[in-house]
Amino acid sequence: MAALAEEQTEVAVKLEPEGPPTLLPPQAGDGAGEGGSGAPNNGPNGGVGSVAVEDQPDVSAVLSAYNQQGDPTMYEEYYSGLKHFIECSLDCHRAELSQLFYPLFVHMYLELVYNQHENEAKSFFEKFHGDQECYYQDDLRVLSSLTKKEHMKGNETMLDFRTSKFVLRISRDSYQLLKRHLQEKQNNQIWNIVQEHLYIDIFDGMPRSKQQIDAMVGSLAGEAKREANKSKVFFGLLKEPEIEVPLDDEDEEGENEEGKPKKKKPKKDSIGSKSKKQDPNAPPQNRIPLPELKDSDKLDKIMNMKETTKRVRLGPDCLPSICFYTFLNAYQGLTAVDVTDDSSLIAGGFADSTVRVWSVTPKKLRSVKQASDLSLIDKESDDVLERIMDEKTASELKILYGHSGPVYGASFSPDRNYLLSSSEDGTVRLWSLQTFTCLVGYKGHNYPVWDTQFSPYGYYFVSGGHDRVARLWATDHYQPLRIFAGHLADVNCTRFHPNSNYVATGSADRTVRLWDVLNGNCVRIFTGHKGPIHSLTFSPNGRFLATGATDGRVLLWDIGHGLMVGELKGHTDTVCSLRFSRDGEILASGSMDNTVRLWDAIKAFEDLETDDFTTATGHINLPENSQELLLGTYMTKSTPVVHLHFTRRNLVLAAGAYSPQ
């Protein structure tokens, strides 16, 4: 891991200030986002850099905090004393104070191990590990393997726990109760740990109930501090450029019988009204530089508007049809899927390190002719774009070779000219869909890259990987423009906000973070999942975020207020894909349990309690209404659902590889 630490500290320091001309350089003190969650911001060394091994002084400094030695034989007594006190306290305080069990258990165990009391540590672990919440099982498994001081030196989980303070949110009354108890008992060992390693976020008001606490806890470093979700987020959409919809011949033929002029007017108004009103929550148009619209983009927008008028309005009484693309005989191992916005192409990333692109329409895939043939073409002719294509290369499938490891992420550019793929080999590759060749290999991650995604406006893209950071790139820069550091474990999935000013990342540390593209700051931290997060999607209006994880739950978040607003239970395995319908009425979720489920998004988000009190204390009351919101469950024979996509007319396309039992 030494290389990781050195590379990251260097990268964070070197790359950031230079920042390419496309984006303003970040302000001082960003670089590494928020350091560790809840840790003091130690700059680039905060959350990620501290996995150094050769930098012995660094690690020793981190571990030396465990030197203050209590009597090793007393640890069990201290812990059981506190446990007894919490279990006998009033119900209203018990739920809140029970949050202390896990972080204290871990730190006391690590203190014993660090001070080489192996037997005491072992007996302490065996006696109390069964009391911890079930969602910490994986962490406890890692912990149980740390039995000697030497094991601690290179262990990332351990170092994360040490460098980032565990965050607990407790009401003032419960905190006073705890403080009084520890001072009366002269229980310094525990009090020292509370002060040294925990960050207690105290709020005034009623203590939270067990149910409210359970909804929010479960991440590697406790809950998010309330401060972390206070900064302003511009979650509104950017103003659409005004494009006149021309009347073309097709429309005239198709709509003659209904009287064309009548048909056209309302269409143009509905498009105009959408773009003229400026969203009050939108970022300024020029907050980050976005690429200019090309003529081809304008044509595509016009096509999109025409399709929109034929879109089906979905709702509980009008569910979409689902068209499932099953990859049969995918012995290469299907690891990623993406579909273009206009649903004309589908790409699959495979474990044999290839990327395959299929045409879903009758239009075959063709490459551009060789240079010698291109020179013979009359460049002035009207159909020059048609002439440059080589008919001899037409086929339904193209295979792209170049990666040297499984391909875990794939993403089409909005204009369908490029395809991104990210792989276990640590690179992200940009492929041309005109020549079907690799144009660039972006090297920045040192470890597998789990996901990559193009910005909705093209040009920018984001990638996240095993090195626990997400990177923001521009297609014409070979180095990242931003490094988003702060997660305590792999970044499994990345998504751009519809206005392209923010990036959401879901991680194996069981948190979701929202990053500001402008300055690299972390502006939201969402905790509540009990397992690594594998899917994210923003609602089309930019206000909400849905996240899915290995715990089978789909959580809904209000980005503006930084609150969890819903929990959808039903899946029995990892939720791999989430997608809102084009107008945001329905949320579709696909899972490893071989089902696609449709949820009523309008009902889930209506009459939300977002008063000041809720926002200030994070007291959320989640209604147990998963069954009411579930509109339908659709089983596949034996195909985990890897990807979901709503076409412009609101038909659902789902994809996965058939896995015989």
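From the backbone N, Cα and C atoms, a Cβ is placed for every residue, glycine too.
Keep in mind the model is a prediction, meaning the values are calculated, not measured.
According to TrEMBL, the features are:
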{"type": "COMPBIAS", "residues": "30-49", "note": "compositional bias 'Gly residues'"}
{"type": "COMPBIAS", "residues": "245-256", "note": "compositional bias 'Acidic residues'"}
{"type": "COMPBIAS", "residues": "268-279", "note": "compositional bias 'Basic and acidic residues'"}
{"type": "DOMAIN", "residues": "70-198", "note": "domain 'TFIID subunit TAF5 NTD2'"}
{"type": "REGION", "residues": "1-52", "note": "region 'Disordered'"}
{"type": "REGION", "residues": "245-297", "note": "region 'Disordered'"}
{"type": "REPEAT", "residues": "327-368", "note": "repeat 'WD'"}
{"type": "REPEAT", "residues": "400-435", "note": "repeat 'WD'"}
{"type": "REPEAT", "residues": "442-473", "note": "repeat 'WD'"}
{"type": "REPEAT", "residues": "484-525", "note": "repeat 'WD'"}
{"type": "REPEAT", "residues": "526-559", "note": "repeat 'WD'"}
{"type": "REPEAT", "residues": "568-600", "note": "repeat 'WD'"}
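Taken through DSSP, the repeat 'WD' (568-600) splits into 0 helix, 19 strand, 14 coil.
The helix, strand and coil residue counts that DSSP assigns across the repeat 'WD' (327-368) are 0 helix, 20 strand, 22 coil. For the repeat 'WD' (484-525), the DSSP counts in helix, strand and coil order read 0 helix, 24 strand, 18 coil. DSSP states for the domain 'TFIID subunit TAF5 NTD2' (70-198), grouped as helix (H, G, I), strand (E, B) and coil, give 102 helix, 7 strand, 20 coil.
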